[in-house]
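Features of the protein shown, as given by TrEMBL:
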BINDING   His190, His273, Glu360  Fe cation binding site
DOMAIN    20-152  domain 'VOC'
DOMAIN    187-349  domain 'VOC'
Amino acid sequence: PGLSDYDSPIFTKANNPYSGFDHLKFTVTNAKQAASFYTTRLGFKHVAYRGLETGSRHVATHVVRQGEATFVFESPIQPDVMPEMTAEIARRGDGVKDIAFTVKDCRTVYEKAIARGAKSIEAPHEISDENGVVVLATLATYGDVTHTLVERKNYKGIFLPGFQDSATALRYNDPLESILPHVPLAYIDHVVGNQPDDMMNPVADFYEKAFDFHRFWSVDDKQVHTEYSALRSVVMADPAERIKVPINEPALGKKKSQIQEFVDFYGGAGVQHIAINTPDIITAITNLRQRGCDFLTIPDKYYDKLRAALAVHNKTSKNPITEDLDVLQKLKIMVDYDENGYLLQIFTRPLEDRPTVFVEIIQRNNHNGFGAGNFKSLFESLEIEQDIRGNLTDMDQPEAAPSN
């Protein structure tokens with residue numbers, strides 16, 4: 001079909017079928033240990049499980065949740081049963097496999113996406129247990145990532161049919177969950193996908209075409225660059241702007257950008273980071289640091305500049321920044337603002353050995369941007385890390401041969 005067929009979206013704000021992010025599913029080598037890391041370090045709670053003990057013979061799945069943010073960790077549990085999943089994990093390491101959306105009508109969203117060129121992974125089908133019925137369907141997006149559409153009808157269970165309460169199924173309660181300081185996380189704010197060079201626009205077009213998402217926000221390499229590297233980014237959002245998926249690509253610079261570093265180590269396009277919204281970032285980061293969560297270091301000069309800028313901004317702003325800058329500096333929280341409001345944000349270091357997936361914690365005060373004012377400082381901090389890893393290399397420099 002020609003592009004003219006796509007001019008009028010089927011889904012608008014009035015009949016928006018999307019309710020928000022349902023959950024994120026990571027496929028990992030060891031779901032039990034991954035879930036434990038996210039509960040211990042990031043303050044999630046174990047909620048649901050399926051595995052050998054519940055009659056699942058092929059995969060083990062651990063579900064953790066904090067507020068409305070639900071992360072799912074899944075591993076193959078026999079050598080030869082899930083060859084595709086096993087091969088994917090071996091190639092890219094642990095990563096986000098599925099970004100699930102809660103929808104009001106799974107079949108309509110699925111059929112519309114298929115008609116407009118999306119690739120089906122699994123057609124709509126019902127699953128049920130004593131707690132009710134859920135309709136699921138799965139579509140392919142960038143890299144090996146998928147979108148599962150979850151229509152929950154009036155499902156009353158803890159997660160999805162086939163899952164049991166993890167404490168009951170595993171006959172175990174993690175005592176650390178009640179000992180460690182509480183982290184006030186509320187919901188998934190956005191999920192960022194990194195693309196190889198020149199793939200940002202085709203991916204953004206795909207969201208527009210298949211899902212009736214729209215371009216919500218963007219920056220290009222003229223706006224976001226350092227001496228060495230640059231990026232382009234466009235944020236796609238559903239009609240009601242509850243689901244936001246920023247799409248990044250590297251832009252040509254003197255050195256390899258952090259987006260290219262991700263693509264090289266992940267083996268292609270994939271989810272770079274997950275931003276989780278908090279109503280109280282100071283408590284959240286204080287407690288995450290006490291739990292041993294490791295964040296990017298932001299240089300003191302960033303806060304010197306910020307103090308000077310806010311001295312002027314806060315005099316005239318309708319929404320002045322009230323947080324104590326000394327506390328923000330101590331915790332390494334960044335600030336971005338405009339005339340209407342501001343956001344506070346911080347990024348973990350990569351959560352695994354590969355420089356791939358990480359988490360952002362964000363608090364919004366009447367500001368729905370993405371921290372463009374911080375991109376340069378952030379890139380500079382990331383370049384320091386990249387250099388330590390030996391990856392801030394000239395663009396045409398080949399990878400060194402492996403040495404054992």
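Just so you know, glycine gets a Cβ as well, placed from its N, Cα and C.
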Apart from the site residues His190, His273, Glu360, the 8 Å Cβ neighbourhood of the Fe cation centroid comprises Asp189, Val191, Val192, Pro246, Gln272, Ile274, Ala275, Ile276, Phe347, Val359, Ile362
CB neighbours within 10 A of His273 (Fe cation binding site), counting all protein chains shown, number 23
To see if you understand the setup: which same-chain residues, six or more apart in sequence, place their Cβ under 8 Å from that of His190 (Fe cation binding site)? Val235, Lys244, Val245, Pro246, Ile274, Ala275, Phe370
Given the model, what does the mean pLDDT over the domain 'VOC' (20-152) come out as? 98
Write out the long-range same-chain contacts of Glu360 (Fe cation binding site), meaning residues 6 or more apart in sequence whose Cβ is under 8 Å from its Cβ. Asp189, His273, Ile274, Ala275, Ile276, Gln345, Ile346, Phe347, Thr348
Would you mind pulling the DSSP three-state label for His190 (Fe cation binding site)? strand
